[in-house]
Amino acid sequence: MDATASGTPTIQYHNIPDQPITTIVANPVPTFERRQRHCYGDSSPGEFPLAANPSIVLHVLTTCNLDPQDLAKLEASPLATCSFFRQPANFAPDFELSISELAALDICRKRAVFKPMTNEERQEMKQRCGGSWKLVLRFLLAGEACSRREKSQAIAGPGHSIVVTSKGAVYSFGSNNSGQLGLGTIEDENRPRPIRSLEGIRVIQATAGSGRTMLISDAGHVYAFGKNSFGEAEYGGQGAHIVRTPQLVESLKHIFVVQAAIGNFFTAVLSREGRVYTFSWGNDGRLGHQTEPNDVEPRPLLGALENIPVVQIAAGYCYLLALACQPSGMSVYSVGCGLGGKLGHGTRTDEKYPRLIEQFQLLNLQPTVVAAGAWHAAVVGRDGRVCTWGWGRYGCLGHGNDECESAPKVVESLSKVKAVHVATGDYTTFVLSDNGDVYSFGCGESASLGLDTAIEGEVGRHRNVMAPELVTSLKEVNERVVQIGLTNSIYWNAHTFALTESGKLYAFGSGDKGQLGIGGLPENQSERGNPERVDIDLS
């Protein structure tokens, strides 16, 4: 029954066909009389008067935090009952919005990034995302899921580590020769120490490179410390001088930043609106603009992504990946050095401007998470499939060999696993499944895979893992793993973090600089093969 018909209609439940958000078109229909939001009305016992009380429907949709796709289905159904969800609801702040659009807007208002925005900024974001609050909501939720914004994080940098708690406090440990721990010294630390100079600042995201660290606050400010350069190569000189405590990056003060990524020779940041900016390595048009290697001014990434919102960026050795959120769905773009096929276009050609990776359309895969290793990359699809591509050395692509793949290829041995996240490092890959299981493959050196890879009779030597193996040592902690962090660098021995649902942190791999955070290792030992609890509470 149509909710606008005479009489007192009740809710009817139907199977609503799955349609993309872009199929929603608001057809001209009669409008409701303006009313206040309330939960009262004249009705018979047991009946739910939709037309008389749309406010209670809005309340239910908002408090249930429905997925934007579900909100879209309410309007997309051809069934008469759902014409109710397509009509203007006559509620503030926009009386022309439908119930579903208002619910999406109300849910957006709960998001930390959205709250401080002005009305003009919100409207600009709405248009950039495709003109719908449901599309804005999808954009915001996708960004939170990819980068764990507002949640605890463990960053395994090259030789040092950064940990962010759910409350925004920051701890650091490991190598500190360039002041990259932000503690005001250049002394190494083998246990977590709080960065006290950040007191009063809530950090939501962190990234680490060789000898430098960047932190993002909930106010969109960027703080950097360590090597005083945004574009210095991962291995090389110290730069002009070092910074021992977090310093505000002045050139980014006019950009509300939500994520940063450090790659070799360049740094990239992502704005709240989904725009990508890069520092350095732009000379000769490598990143779509002409700059000097030591330029510290952020330059917008030109080309195809100028008008497409990006939800996540990932940087590897001289290349950048961007997960874009378009009305038609999610897609991945790449730019930079194509050596080894790591740009995913079927060639090994460099790209000066962002280029769409078309293979995902052929695979019918909707990307949700992207990871950039030093020389290879990976993506998780909405259906749980995992794709890898790039330089397959040591088996890091998980295809059972060490061959290069210049276009994304599904990891068939994970066909029975529904993946939710992926992490890539220096020839290593970790996959996290929906039930908390962890799989790893690639280079076995430094014991950073969490597997029993030691070669009998050869001290300090480990076998490589050519196809995904279950990390049974993490199952023994009897907790659901929600994040894996691992070293992404070509010059350091690697280490790995596993973060559990309850906020416990486990570390394994190379610990010669104290980067595991478990204290000093016994004499003649430089690594730990089994996960060991780090004494820090991230809940």
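Here the Cβ of each residue, glycine as well, is placed from N, Cα and C on the backbone.
Listed in TrEMBL:
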{"type": "DOMAIN", "residues": "152-485", "note": "domain 'RCC1-like'"}
{"type": "REPEAT", "residues": "168-219", "note": "repeat 'RCC1'"}
{"type": "REPEAT", "residues": "220-273", "note": "repeat 'RCC1'"}
{"type": "REPEAT", "residues": "274-326", "note": "repeat 'RCC1'"}
{"type": "REPEAT", "residues": "330-383", "note": "repeat 'RCC1'"}
{"type": "REPEAT", "residues": "384-435", "note": "repeat 'RCC1'"}
{"type": "REPEAT", "residues": "436-502", "note": "repeat 'RCC1'"}
{"type": "REPEAT", "residues": "503-539", "note": "repeat 'RCC1'"}
{"type": "REGION", "residues": "519-539", "note": "region 'Disordered'"}
{"type": "COMPBIAS", "residues": "525-539", "note": "compositional bias 'Basic and acidic residues'"}
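Here the compositional bias 'Basic and acidic residues' (525-539) has long-range neighbours at 152, 154, 163, 165-166, 171, 191-192, 446-448, 450, 452-454, 460, 473-474, 477, 493, 497-499, 502-512, 516-518, meaning same-chain residues at least 6 beyond its ends whose C-beta is under 8 angstroms from one of its own.
Residue counts of the region 'Disordered' (519-539) by helix, strand and coil are 0 helix, 8 strand, 13 coil (DSSP-based). Across the range of the repeat 'RCC1' (168-219), the DSSP-based residue counts are 3 helix, 24 strand, 25 coil. Within the model, the repeat 'RCC1' (220-273) carries an average pLDDT of 82.
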